[in-house]
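Report on the following structure.
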Amino acid sequence: MSRSRHLGKIRKRLEDVKSQWVRPARADFSDNESARLATDALLDGGSEAYWRVLSQEGEVDFLSSVEAQYIQAQAREPPCPPDTLGGAEAGPKGLDSSSLQSGTYFPVASEGSEPALLHSWASAEKPYLKEKSSATVYFQTVKHNNIRDLVRRCITRTSQVLVILMDVFTDVEIFCDILEAANKRGVFVCVLLDQGGVKLFQEMCDKVQISDSHLKNISIRSVEGEIYCAKSGRKFAGQIREKFIISDWRFVLSGSYSFTWLCGHVHRNILSKFTGQAVELFDEEFRHLYASSKPVMGLKSPRLVAPVPPGAAPANGRLSSSSGSASDRTSSNPFSGRSAGSHPGTRSVSASSGPCSPAAPHPPPPPRFQPHQGPWGAPSPQAHLSPRPHDGPPAAVYSNLGAYRPTRLQLEQLGLVPRLTPTWRPFLQASPHF
């Protein structure tokens, strides 16, 4: 009889907050054993077992219909036979989770192993520590700073390494920006996708006829969220809801924006830009997620070496002058103009590198070397850049027009789809309007 009068943790609190005579209790953040037992029952026996445990524990239904369906759809069998876990007490269908007591909410959830070393540098060599710490927030309502355009500018102005963590990736134009950065400018790109969004990403690749042969400098990998494991051994994985972009290890774009057409045109989103020491937190999070990721497309096992310190010669020789100048012009502000000198808050490392710069008391700088190989080693031979035959103002004006060309034309110029017509389209060479 006493069992029927038992109240679960959530139900008891609901009764207290409804009553005017009960004093507020101290906040309790401990695990809910009744909720754990009910979740285990849902994994092992379905909805009927879930409701039965809720009735026995005197607990309320704490899962929404969407959450309950997700748990049942994502449930996975244990890797080993159930009798090895429970011995003779385990039945033919495994352990009865309602008869097991546990002091933790995730009874068998194991902590992730130490991530593989993606890059290693001393504190003085960390690129993000050379930038001033700042935080900027962008909303969808600001029309002159469209979030989709901000993301695309960030991609087109990255010169060395681009790291992306995303839940859904189906925007073909953003994909073209990434392909152009990797195949035309030698930028190494690593995309970590939520496991649930891999199918949609592959559908997009099939529609535009993109295969592994087009991803020579890109690594597409999948990653899951946290793992919930029941006493019986059945488990399910959560989703990746984190979304951020790290550009050249100097600044981060993070927010609610997903790489979809709807997010770029109708969904309301928020985007934040971080520079300075805050980037280190995203760097560490990416290390852990990369360590548990699995290859999907592109580079399967990138070579993990430390980046070349500034001023040291890279192992694969000198980079071309055009690529070196692009790296020198890299700024932590992806939304500013191309001239870093017009922004006093950004670092300007190429102020005296050009022939038209004013005379300085110090000697001319040494030949440029590749300042940063990225966390996966030297770029592939296909990623090497050659000097441009015309390095005048027109080249600088039209160098970023890939972000403003139609999707089909971008794929054609990347050599990924056959051209519809060989005629030249002069109207596409107009200067972009921001």
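Every residue, even glycine, has its Cβ placed from backbone N, Cα and C.
For the residues Ser99, Ser336, Ser348, the entry in Swiss-Prot flags phosphoserine at a single position: Ser348. Just one residue in Ser357, Ser380 has phosphoserine written against it in Swiss-Prot, and it is Ser357. The candidates are Ser301, Ser386; Swiss-Prot tags Ser301 with the feature phosphoserine. Per Swiss-Prot, the phosphoserine annotation among the candidates Ser322, Ser327, Ser342 falls on Ser327.
Along the region 'DUF1669' (1-298), the predicted structure has mean pLDDT 86.
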